[in-house]
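Engineer: One structure follows; several queries about it will come next.
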Amino acid sequence: MASKSTDISAIIKDRIRRFDSKIDYSEIGYIVTIGDGIALVNGLDNAKNGEIVKFKNNITGLVLNLEEEVVGVAIFGDANMLSEADLCTRTGEVIAVPVGDELTGRVINAIGNPIDGKGPINSTKRREIFKVAPGVMSRVEVNEPLETGIIAIDSMIPIGKGQRELIIGDRQTGKTSIAIDTIINQKDKNVKCIYVAIGQKNSTVAQITKKLQDSGAMEYTTVIVSGASELAPQQYIAPYSGTAIAEEWMSEGKDCLIIYDDLSKHAIAYRTLSLLLRRPPGREAYPGDVFYLHSQLLERAAKVNYSYGGGSITALPIIETQQGDISAYIPTNVISITDGQIFTRENLFHSGQRPAVDVGFSVSRVGSSAQIKAMKEVSSSLKLELAQYNEMQAFAQFGSDLDDSTIAILKHGHKVYELLKQEQYYPINQLAQTAILLGVKEKIINPLPASQLRRYRDEVIKFMTKELEGIKIGEKIKQNNNALNSSIKEEITTHLVKIVNKIIASLHDYKPEAELPMPAKYLEINNV
C-alpha cells in the first residue's frame, strides 16, 4: 500500500515538474445580430475603432461602431457562414495589407489576397490602410509632368506628379478609357500604377486587366478589385488598400499613379455601411462625414521631400454624374478636394469627339508648372483659340453672312478639334505632341482639309519617333532643357511644311480655294 502511494506521489511530482502550460488570455464576444455584412457583437468591451476581429472559418471583420452594449463590425468574407451566438475574438491589430514589389503584376482583393490564380504573394511587409496624410512641411511643389499620352489633356489640362486630378462625367463617356490610356502611357517611364475597381462588373475588370496585359502595362501595375457582387465593407476599404500600397513605393522614392474607379460607388458603399450601422443620415442620405471619407483618402496623394522618401502619388479619382449635374453632393465634394477636373460630356462623345473632354469646363490647378517648356510654348494659346471657335460657332448657327476673320477662326478651330481626336490605347509621346501642336500654333496646317489631319498627325508621330532626323530633334529639345529655340523650331517647321505639302500632293481632288493659305514665311520651303 505504501509503495503504491509512493508511486502515485512520484508520478504527480514528475507531472508537476514537466507542467508548462501558458495561460491563453483573449477577449471573446458573441454575435447578437447579423445581416447585410454587418454584425453586432456583445462582450468586446475593450475593442478599438478600426481593430480587426476574428470569427470562425477564418473570417475577419473591422470594428466600425463602438456602442455601450455592443460593437458594430463590418465583415470581410462570406457573412452567410456566420450566425447569431457565434464567437468573435479580438486580435489587437489594425487592418493592414501586404505591400512591396511582389504586388506588381498581380490582381488582388480589397484585403490584399490574390485572386488571379498565380499563387500566394510572398511579401514580408504589411502596411496599415488607414493612415494620416503627409503634413504640409513634408510636401514639395508639383513641378514634374505626368504624361497621359492624350494630346487634349497634356496640352491644356496638364497633370503633374503628386497632383489629384478628377475625371468626372456621365456614364459611358470614356472616363475609364482616359485612366487606362494614362496607365498604358507610363511604360518605360518608371511609374508604378495601381488601378482600384470599386463596384465594377467582374467582366469589365477582366477586360481591363486583359488590355493591360496585352499592352505590357501589367509589368508595372497592380489591380485591386472590389466588385459589384461584394458587400459594402470590401468596397469601402478598397481605395485605402490601394493607397497603402502606393505609399510604400512613395516612401522608397518611386513615383506612383493610382486610379479610383469610381468614388461615386465608394460613397454609396459607405452610405450603405453607415445606414446599416444606424448612423444618422444627412443630405441625400449620406452620413455627415462623407466629405472626410474622400478628403482623408485624396490628401494622401502628394509629392514628398527627400526626408520622407522623395516619391510621389498622383491620384486620378473618377466620379460619375447624372445628366451632367456636377452640382450634386458627391461631385461638388470631390471637386473641392482635388486639384482640377477633366470633364467628359455625353454630347461630345456621341458626336465623335473622343476623348470627349470639355476643354472649357476642365481645368488643372497646377497648370503649366507641370509641363515641359516646349509644350508650354506651343499650347499656350490653344484654349483661347477653342474658346473663340465655340463662341463664333454659336453666332454662325444663325446663318448670317460671316466676315473673313470669323471664317478663319471657325475653320482653324474645327481643325484643332479634329487634331484633338484620338483613338483609345493610342498614346502619343510628349515630343511628338509638341511637334503636332507647333504646326497648329504656326498655322502650318491651314491648307490641309479637315479629313487629312489624322494623316498629318500620324506622319508627324512617325517622323518624331521612327526617323533619325526626328529622333535627333527630340534629343536636341531634351539637351536644351526641354525647351524650343529658334533653330530647333526652324528644323521642326521645315519638316512639318514638307509633310503638309506631301499630303496635299497626294490628293487628286484638292481645292486650295476651300482652305486657308499657309503663312507666307513657309511658302518658300520647297515641296517634297
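Glycine residues also receive a Cβ, built from the backbone N, Cα and C atoms like all the rest.
Below are the features listed in Swiss-Prot for this protein:
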type	residues	note
BINDING	Gly169, Asp170, Arg171, Gln172, Thr173, Gly174, Lys175, Thr176	ATP binding site
SITE	Ser362	site 'Required for activity'
Engineer: Note down the number of other Cβ atoms within 10 Å of the Cβ of Asp170 (ATP binding site), including every protein chain shown.
Structural biologist: 18
Engineer: Compute the C-alpha separation of Arg171 (ATP binding site) from Ser362 (site 'Required for activity'), stating it in Å without decimals.
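Structural biologist: Between the Cα atoms of Arg171 (ATP binding site) and Ser362 (site 'Required for activity'), the distance comes to 17 Å.
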Engineer: Comparing the binding-site residues Gly169, Gly174, which residue's C-beta has the most other C-beta atoms within 10 angstroms in this structure?
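Structural biologist: When each Cβ's neighbours within 10 Å are tallied, Gly169 tops the list.
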Engineer: Quick check for the class: what is the C-alpha distance, in angstrom and rounded, between Thr176 (ATP binding site) and Ser362 (site 'Required for activity')?
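Structural biologist: Between the alpha carbons of Thr176 (ATP binding site) and Ser362 (site 'Required for activity') there are 16 Å.
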Engineer: Provide the three-state secondary structure of Gly169 (ATP binding site) computed with DSSP.
Structural biologist: strand
Engineer: Would you say which of the binding-site residues Arg171, Lys175 has the most Cβ atoms within 10 Å of its own Cβ?
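Structural biologist: When each Cβ's neighbours within 10 Å are tallied, Lys175 leads.
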Engineer: Taking the center of the Cβ atoms of Gly169, Asp170, Arg171, Gln172, Thr173, Gly174, Lys175, Thr176 at the recorded ATP site, which other residues in this chain have a Cβ no more than 8 Å from that point?
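Structural biologist: What remains near the Cβ centre is Glu320, Thr344, Glu346, Phe349, Ala356.
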Engineer: Taking the Cβ of Thr173 (ATP binding site) as the centre, count every other Cβ atom within 10 Å, in any protein chain shown.
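Structural biologist: Counting Cβ neighbours of Thr173 (ATP binding site) within 10 Å gives 27.
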Engineer: What is the one among the recorded positions Gln172, Thr176, Ser362 whose Cβ has the most other Cβ atoms less than or equal to 10 Å away?
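Structural biologist: Going through Gln172, Thr176, Ser362 one by one, the largest Cβ count within 10 Å is at Ser362.
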Engineer: At the Cα level, what's the spacing in Å between Lys175 (ATP binding site) and Ser362 (site 'Required for activity'), rounded?
Structural biologist: 13
Engineer: Looking only at DSSP and grouping its letters into three states, which state does Lys175 (ATP binding site) belong to?
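Structural biologist: Note: Lys175 (ATP binding site) is helical by DSSP.
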